[in-house]
Amino acid sequence: MGRKEREKNGLRVRRGGDRKGHHGGGWLMGELDEENEEEGKEVEGWVDLEKEEDDEEKNGVQQRRNSWEDGVSGTNCPIPPGKNFTYILQVKDQIGSFFYFPSLYFHKAAGGFGGFRILSRPLIPVPFPEPAGDSTILIGDWYKANHKVLRARLDRGKKLPFPDSILINGRGPNGASVTVEQGKTYRLRISNVGLQHSLNIRIQGHKMKLVEVEGTHTLQNTYSSIDIHVGQSVSVLVTADQPPKDYYIAVSTRFTTTILTTTAVLHYSNSRDKVSGPIPGGPTNQIDWSLNQARSFRTNLTASGPRPNPQGSYHYGMIPVTRTIRLANSAAQVNGKQRYAVNSVSYVEPDTPLKLADHFKIGGVFRLGSISDNPTGANVYLDTSVMAADFRKFVEIVFENKESIVQCWHLDGYNFWVVGMDGGNWSPVSRKGYNLRDAVSRCTIQVYPRSWTAVYIMLDNVGMWNLRTEFWARRYLGQQFYLRVYSPLESIRDEYPIPKNALLCGKATGRHTRPL
């Protein structure tokens with residue numbers, strides 16, 4: 001693929017030091033990346049964020065057989081400032097709506113986001129007529145302080161303050177807009193790219209029909225508003241069936257004492273009237289409302305996914321579970337500083353990416369079994385936590401949240417079936433209420449306060465995969481670990497060899513990848 005083609009179809013994002021972004025203040029927005037399923041892909045990252053190195057995470061893109069290109073600190077050395085790096089990946093066996101962002105040094109607070117769409121192959125049917133337009137809407141909380149100030153605060157062992165506002169596509173109130181023609185239907189791909197807060201979105205006078213969640217075609221239920229938790233993505237269809245004028249697209253925080261609200265504009269092309277009337281209100285602190293909505297997100301069993309066969313042809317509910325992993329989040333002071341943990345372990349970044357240490361068999365970087373399968377109840381402590389897992393095992397993970405916040409978890413390299421969620425404590429008896437027929441398959445899932453969420457995963461993707469909270473300050477201060485999915489065959493059928501252009505750092509400096 002030539003340079004011009006890479007820059008046209010790839011991801012070339014410069015994140016400069018100016019945070020003004022769009023329209024007088026906000027994120028620095030990247031470009032939209034759009035690919036057909038099964039196409040090979042070169043994604044070029046260019047780092048120039050105030051002379052700091054970085055990596056680029058493709059949130060929800062599974063990187064099949066290729067955690068080498070995952071773009072997090074456990075798999076990749078940072079791209080040096082002012083330099084280019086080309087991620088080479090194949091978006092095989094995936095469709096859907098995702099996004100990318102910078103993953104290191106709390107740069108996510110500065111922006112650099114963009115939408116990442118994986119389209120169905122031309123001959124694969126999509127379960128709705130082709131929309132008249134297809135727009136990406138990135139929503140999230142935002143701080144006036146820049147990423148260095150926020151990072152320094154976390155490094156001192158402090159918590160993040162409450163955000164200053166919400167942005168839509170990097171803009172403040174009514175700064176972003178979507179233009180529609182009366183009578184036509186449009187697809188909106190909405191991602192919560194913020195740092196910590198759940199958000200609710202609604203459109204004045206219009207309904208939203210849910211059609212896709214992180215690569216899964218869903219039952220096409222209609223909603224007046226939708227909760228989108230941090231790190232999550234959904235696709236909805238909106239029909240311009242109202243009198244021609246401009247309408248509010250409203251986004252507000254959920255489960256917060258102070259409610260932040262911002263707006264964009266749904267603009268009818270033949271409109272002569274600006275937005276008017278009260279901004280449509282949404283839910284605020286109602287946990288049960290959100291829980292019931294989440295349970296209503298179901299897989300469309302008869303629709304095709306990335307392949308021609310229906311999504312329901314994979315009967316996940318009939319596969320025996322070989323291992324149960326229970327993960328509990330917690331917060332504590334360690335050595336007088338705020339830390340966050342999973343099963344009492346607060347992750348510490350090593351100087352060498354775990355994937356490189358594993359490949360080159362470098363000792364002293366991590367040890368398998370450094371995090372338990374179950375909550376231990378021990379005091380929080382620091383370690384480079386890596387959990388061992390066997391290739392092609394079918395696993396149940398139960399996320400247990402005994403805190404008073406809404407937690408949100410993401411696993412790189414995978415989608416999982418969300419088989420259950422409820423309040424209180426999980427026990428084996430909870431399995432009686434699991435949805436074993438049409439649970440939605442996605443990569444990021446919320447856990448409500450003092451509640452649990454259970455997922456099933458087929459571990460069919462060899463690699464070193466980051467399992468993390470999507471609350472970015474919590475992740476930065478240790479609420480993450482890596483799942484090492486291993487096949488003893490070490491075959492290129494199961495995992496690609498180390499990329500020829502892989503960057504080497506830490507204890508891997510001076511090693512060799514493969515001949516160019």
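Every residue gets a Cβ built from N, Cα and C, even glycine.
TrEMBL annotations:
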- 1-19: compositional bias 'Basic and acidic residues' (COMPBIAS)
- 1-75: region 'Disordered' (REGION)
- 31-57: compositional bias 'Acidic residues' (COMPBIAS)
- 59-121: domain 'Plastocyanin-like' (DOMAIN)
- 135-271: domain 'Plastocyanin-like' (DOMAIN)
- 351-487: domain 'Plastocyanin-like' (DOMAIN)
Checklist entry - Under the DSSP assignment, what numbers of helix, strand and coil residues are found in the domain 'Plastocyanin-like' (135-271)? => result 9 helix, 69 strand, 59 coil
Checklist entry - Within the domain 'Plastocyanin-like' (59-121), how many residues are helix, strand or coil going by DSSP? => result 7 helix, 25 strand, 31 coil
Next on the checklist: Over the span of the domain 'Plastocyanin-like' (59-121), how high is the average pLDDT in this prediction?
Outcome noted: 90
Checklist entry - What are the DSSP helix, strand and coil residue counts for the domain 'Plastocyanin-like' (351-487)? => result 17 helix, 61 strand, 59 coil
